[in-house]
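Listed in TrEMBL for this protein:
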- 1-105: region 'Disordered' (REGION)
- 1-12: compositional bias 'Polar residues' (COMPBIAS)
- 17-27: compositional bias 'Low complexity' (COMPBIAS)
- 35-58: compositional bias 'Polar residues' (COMPBIAS)
- 80-105: compositional bias 'Low complexity' (COMPBIAS)
- 163-451: domain 'ABC transporter' (DOMAIN)
- 520-770: domain 'ABC transporter' (DOMAIN)
Amino acid sequence: MSDTILEVQNLTVEFFTGRSTGRSNGRSSDHAAKSAQTKSAQTKSAQTKGAQTKSAKSQHAPAPLASSSVANPKASHPNGSDSSSDLSGSDSKVTDSSVTDSSVTDSIVSENSGISDSTIAAQTPVDPVALNSMIPVENDSIRNDSIENGAAPNDPAGNDSTVQYPDTVFHRAENRDSIVAVNNISFTLQRGQTIGIVGESGSGKSVTSLAVMGLVPNPPGQITGGRILFSSKEADKRAEPVDLAQLSQRQFRQYRGGQIAMIFQEPMSSLNPVYTCGFQLVEAIRQHQKISKQAAREQAVERLQEVKLLPSDAELYKQLSQELGTDNIDRIQRVAKSRKYAMLDRYPHQLSGGQTQRLMIAMALSSNPSLLIADEPTTALDVTVQATILDLLRELRDRRGMSMIFITHDLGIIAEIADQVAVMYQGHVVETGSVLKIFENPEHPYTRGLLACRPQPDRRLRQLSTVSDYMEETVDSAGNRVILAKPQQDHGPGLPPVLEISPREMQIRLESLEDKGPLLTVENLKVGYPIKGVLGGTERVVMAVNDVSFQVYKGETFGLVGESGCGKTTLGRSLLQLIKPMSGKVWFEGRDLTRLNSWQLRKRRREMQIIFQDPYSSLNPRMSIGEAIAEPLKIHGTLRGRRNLKERIEYLLERVDLNPAAINRYPHEFSGGQRQRVCIARALALNPKFIICDESVSALDVSVQAQVLNLLKELQDEFKLTYIFISHDLGVVKFMSDRIMVMNQGRVEEIGPAEDIYRRPRREYTQKLISAIPAGTVSRIQTLQTEREIAQIKAAV
């Protein structure tokens, strides 16, 4: 169709983990031959001829990746270090090393370096352990079964598996030679439209986007089936679309960056820290346009203004006229020019998270692409920054007439930006449809589960629904895995009303907490970071926590919310005396922790623990999970004897829903949700009374997040725990918290019951935070669609 820009037909992407056993696949051999030809082009002509001959002889053998590297993660690194420390928990990060320099516009690679994007894509080694986060994996509840059976979580569960739902059956073939990351998927994208691809980590979302960009790392990855039909913006409407899957890396250069651009999840990983923002943006522009550096710099300023990283000329002139107190246009223009170019001279580390993402969007737009791929572009951002980025992407799409593929694990975000939705699970597209249809009447149980497990700000629930509440896994007579829908009561995609907490019940709970008295009292706490001058003296002090006071009652969950940099984490760590405050008092069970010496404080720390944000970096990759949980017990000497330690560790693993048989496994063998469960078990080891949860679910998928949040609530009831729950996700905080404190720039904006903070916020800052939460409702989708239609009518008139 003339209005179709991209059509993916039966796309299959495999990652080969060993030598072929005689399997023949024409597409596989074609891509292996292309890879060999691209790689051999850098050698002498005689070697090139020999390499091509060798490739022709082995057309039926996919490019191998030594199986020993998969079995031994340390073998994949030249220095022998454990590769699990490199895991990111996101399927897009796996390819950072191979695509950062050739990402959206191949711009970071210097024109004088003599290195092409094809060289990078073909020769960059892929960490086999990190590869596990790219391949299809089950959700956390299903993954637990593999550990109970003694298998590593990412090992295939058998030679063949089948996923079945009512009248739909699809087959997923697995063997010892390859892992199918994307399996026979199809979808269509119209011009000017946005398709949202949603699913858990490892579902194949990012691999799909890399296939469209021609950046699947080869070896070990290959497109082994299907077509990716792209209609070029320069092509005649009657011309046949180009099959991107058939192009060599050299041929792909005319499309990558120029017509198809990509925004990656981690902007700080995609930007080169040693070059200025202007250098990288100018290079991206000149990569696709033959213009001078000065012309490129001027265009770079225009791109920064377009993404609102710089004000427009009119806004800047008005602002400077007021600042300078003059209407002298020449002077204003000189100052405005210096202001604009000053942004180009800044380095990535000098920008905030939202600013670096805007810079990446500017780089992606530098060559006016017709298709923009956004891979989890808002995952690491605050809710307010996330809302502004989504607004910006909607505005750019409509103004430029771009098409967009938006990848995320959060259906709430999909509702804000997508026209169509493709839901992916274990490498398959299990459901497609308009965004309104998906939210109004989801058909597949996995889609229903994803919708139900999101915390709802307008409902107070005892526990969140999980994906496993809507799906169950069984084995058919042929030994194949079958996923079936669980029978549901007629109460929609959410939970039954009995699981909702009434306002009266919440009021009774708050009164009972007050009667118990405070466990923690904070008085006028101040924490600052000294900024050193050129001579080593303190030039100034940045106040991260400024005169903060509050109480936390016994058995309470006290929520702490605010944007990044507001002082939440600094406050949490200063309560445990991990950071020494400048002044103020922290009373815990009647004792001021700020006045205790190290020995006295060590005794108190048995009763105070913390669960850190990133489960990938908070566990030592060289320690088994049993050793990690035993570490606090050994340090504090609360348990003696190997047998007692083992029994305690096994009990804790069982309590966080992990099988004790996994006691000797290492962190890289677990999913993100399972690692966070290990961290929770470690925090519980000393029987604490008080735990700080510092963004402890922000690195997890929405479905896994629901399981961990439910677990934290269960443990609180069982062990009579008191929590401080820190997060920038207000929906999560409301679900967990009895009372909430809102922080802004180191100060307290307001404190109150969770329901009052959400329904009757007193401060403007709190109102801004709440309004930025993605609603993910049918009414919100309808409102956005109506607004877009009105804007299109006005533009046409």
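Placed from the backbone N, Cα and C atoms, the Cβ positions cover glycine too.
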For the domain 'ABC transporter' (163-451), what's the model's average pLDDT?
86
Please give the sequence-distant neighbours of the compositional bias 'Polar residues' (1-12): residues at least 6 beyond its ends with Cβ less than 8 Å from one of its Cβ atoms.
180, 182-191, 208, 211-212, 223-231, 237, 241, 245, 370-371, 403, 405
How many helix, strand and coil residues does the compositional bias 'Polar residues' (1-12) contain under DSSP?
0 helix, 9 strand, 3 coil
